[in-house]
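The structure appears below as structure tokens.
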Amino acid sequence: MGHGTNRVEDMTSPNTATARETIVEIHSVCLPPKKTTFQKLKKRFADVFFPDDPLERFRNQTWRNKVILGLQSLFPIFTWGSQYDLKLFRSDVISGLTIASLAIPQGISYAKLANLPPIVGLYSSFGPPLIYSVLGSSKHLAVGPVSIASLVMGSMLSESVSPTQDPVLYLKLAFTSTFFAGLFQASLGLLRLGFLIDFLSKPTLVGFTAGAAVIVSLQQLKGLLGIVHFTGKMQFIPVMSSVFNHRSEWSWETIVMGVGFLIILLTTRHISMRKPKLFWISAASPLASVVISTLLVFLIRNKTHAISFIGHLPKGLNPPSSNMLYFSGTHLALAIKTGIITGVLSLTEGIAVGRTFASLKNYQVNGNKEMMAIGFMNMVGSCTSCYVTTGSFSRSAVNYNAGAKTAASNIVLASTVLVTLLFLMPLFYYTPNLILAAIILTAVIGLIDYQAAYKLYKVDKFDFFTCMCAFFGVLLVSVPLGLAIAVVVSVIKILLHVTRPNTLEFGNIQGTQIYQSLKRYREASRIHGFLILAVESPIYFVNSTYLQERILRWTREEESRIKENNGSTLKCIVLDMTAVSSIDTSGIEALFELRRRLEKQSLQLVLVNPVGSVMEKLHKSKIIESLGLRGLYLTVGEAVADLSSTWKAHGQPCI
């Protein structure tokens, strides 16, 4: 395709009247190998949905091995379970007991954050970890309730249903939302649509998480100050108004004890962050604080009634809740919407946490398997009195530092919670609400990643703007709308990149065959008679007209510059298509129209290095033929050398 291979002298020196006697070989631009439409669709389908080629390990295997590999693929417990030994068990027991000391108080605390009975938080720390230990592929992910999903569920459901005035309906909606969250998560994994969660970009998550952390922290002022009549709204202004409007309800006993324990928890957290080997201090401090605060409240119960406490918690295993799933009625849409949003957030957090610790130990976490594991875990959980759960960063970090070797640490966690549910629930009767508030505050402070926000500001201002949209949207509008605003801003950024792609003017770096941006490389210089442009995007219907007009504008500006400087006449527009990964029929029509309009100005259009799929479409559309013999080249250097040589042969000056 194109012209044959030949050798010409390089005539591109912009600064001397004498051409360099460098021989440049001209190569043909080839078409990609022929493929049928079915073969193309099959490859595209595989690239989109099966980039990891999950069936590769099954090839050239006996039927027996295929069955074993299939079981290991569906149930990762068969992979590590077959090699399990006492040494691994010892490590997992230690890590499981360590994360249990953190998970029990956090479970109770996060359930209250979601406006659910505290016992639901413990139920959610028992069943889901067992299911994940069978289906999950991460060795270090510690499963249970998390602050962000709890906050989102609590804020979205309480907008329509009061958890105090109609607690039964609220509980039904919470379990139903959990079911739909699990269904959505499992569907993404089963249909291999995990790329959809990539629309929650890092800037969006940084801003959203920080905003949610501030909201969660403000909500804990109720428990830390001892306020009884607190606003049900989540926004910054209503919460702060409620805090100061109810100053008469502030309890100095609650404030002193709450702030004291908060300082202790923050101090232990700081120690563990500075010295990771002392991780057990921050891991054990929540449970120790619960025990000590409960004893204090028990001892002073007759002297003061200003400190509120949890009260009665029922003993026993998770009761079935499948009969409470709400599949009809006026609030079904709310349950579905809440389920999808909490499902996406918890899935994003769980997979991100799993991959973080997998990279530290150099093993793979399968994203689609994780989606199915977390989804199935939540679907089953919704039928056993659990609400949305996923992998928690704080608990997973403790699990990792405690030396967990396999997902069996989740089994130890669940076993510890089981003992607590069966025998220890009466001991939590006098646990003060202030300690739960202090535990939540300590956990969510780490979610405010100001260093990541500063890095976004330094590297990409638009990403920083997206981050701030999410942060202030959550803080001032609402949790779901704040997230939606940030996602919309991210999509707008994508659309701007697609509809208004970047175009660059290239020049030659003297003494080489390298052509680079004139603005980026000062040593690059223009070639007389040529305007060399590069397009850094696919050419689609949404940007084809813009690119055509932008290239014509480049042409007008170059002719004006030449006229002002009394330079050589512009003869050729070279379009470097190396970065054009795809083109559609509208893009091809735009190239036809561009060639026609340039011809009217006695200018030649030359295309350089179109990629395989683009080259194939250009060939089928006959645009290659319309460009002529010297209208297509493999490199910019070859195009400039060949055309300059041709002009010289015809007696046309090129300098």
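Each Cβ is built from the backbone N, Cα and C atoms, and glycine gets one as well.
Unlike curated records, TrEMBL annotations are generated automatically.
Keep in mind it's a predicted model, so treat the numbers as computed, not measured.
Feature list (source: TrEMBL):
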type	residues	note
DOMAIN	520-643	domain 'STAS'
TRANSMEM	169-193	transmembrane segment
TRANSMEM	205-230	transmembrane segment
TRANSMEM	250-266	transmembrane segment
TRANSMEM	278-300	transmembrane segment
TRANSMEM	371-390	transmembrane segment
TRANSMEM	411-429	transmembrane segment
TRANSMEM	435-452	transmembrane segment
TRANSMEM	464-496	transmembrane segment
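Over the domain 'STAS' (520-643), the average per-residue pLDDT in this prediction is 91.
As a quick check, the transmembrane segment (169-193) and the transmembrane segment (411-429) miss the bar of 3 or more Cβ pairs under 8 A, pairs 6 or more apart, so the two do not touch.
Through the fold, the transmembrane segment (464-496) approaches residues 151-152, 155-156, 159, 199-201, 203-208, 210-212, 214-215, 234-237, 337, 341, 345, 453, 456-457, 542 of its own chain, all at least 6 residues removed from its boundaries and within a Cβ separation under 8 Å. When Cβ-Cβ distances below 8 Å are used as the criterion, the transmembrane segment (205-230) is approached by residues 113, 147-148, 151-152, 155, 236, 239-240, 242-243, 246, 249-251, 253-255, 258-259, 262, 306-308, 348, 433-434, 436-438, 440-441, 444-445, 447-450, 452-453, 456, 466-475, 479, 482-483, 486 of the same chain, each at least six residues removed from its ends. Mapped onto DSSP helix, strand and coil, the domain 'STAS' (520-643) counts 60 helix, 22 strand, 42 coil. Panel annotation: around the transmembrane segment (435-452), residues 105-106, 108-110, 112-113, 118, 147-148, 202, 206, 209-210, 212-214, 216-217, 220-224, 258, 261-262, 265-266, 269, 286, 289-290, 293-294, 310, 393-394 of the same chain, lying at least six beyond its termini, place a Cβ under 8 Å from a Cβ of the stretch. Long-range contacts of the transmembrane segment (411-429) within its own chain (CB-CB distance under 8 A, at least 6 residues past either end) are made by residues 92-93, 95-97, 99-100, 103-104, 107-108, 118-119, 122-123, 125-127, 129-130, 133, 142-144, 290, 294, 309-318.
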